[in-house]
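Inspection log for the structure reproduced underneath, given as structure tokens.
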Amino acid sequence: ADVPGNYPLNTYGNMYYCTILGENEFCRKVCKVHGVKYGYCFNSHCWCEYLEAKDVSVWNAAKNYCKNPVGK
């Protein structure tokens, strides 16, 4: 079964590059920052399962999930 998801984008609007395909600690951390629990390295970029379009940009994800009131 195909799981929906997205490639998250960093502060520069680029996908996160990764070198270790499949299980990837860096990608898992990236996906947590973007508000989802799991992700992995696919085609040399981090892919996050169940990542919604609204949270693809790290700026949007930070606004949606950070508890810090700065910028609100």
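Start at 1 and count along the chain as shown; that gives each residue its number.
Cβ coordinates come from backbone N, Cα and C, glycine included.
Reviewing C31, C41, C66, the cysteine that Swiss-Prot connects to C48 via a disulfide bond turns out to be C31.
In the shown protein chains, 27 other C-beta atoms lie within 10 A of the C-beta of C31 (disulfide bond). Of C18, C41, C46, all annotated as disulfide-bonded residues, the residue with the shortest Cα distance to C31 (disulfide bond) is C46. Counting only same-chain residues six or more apart in sequence, the Cβ atoms lying under 8 angstroms from the Cβ of C41 (disulfide bond) belong to C18, T19, I20, L21, G22, E23, N24, F26, C27, W47. Sequence-distant contacts of C46 (disulfide bond), defined as residues of its own chain at least six apart whose C-beta falls under 8 angstroms from its C-beta, comprise Y7, P8, M15, Y16, C18, N24, F26, C27, V30, C31, G39, Y40. Residue density at C27 (disulfide bond): 24 other Cβ atoms are found within 10 A of its Cβ, drawing on all protein chains shown.
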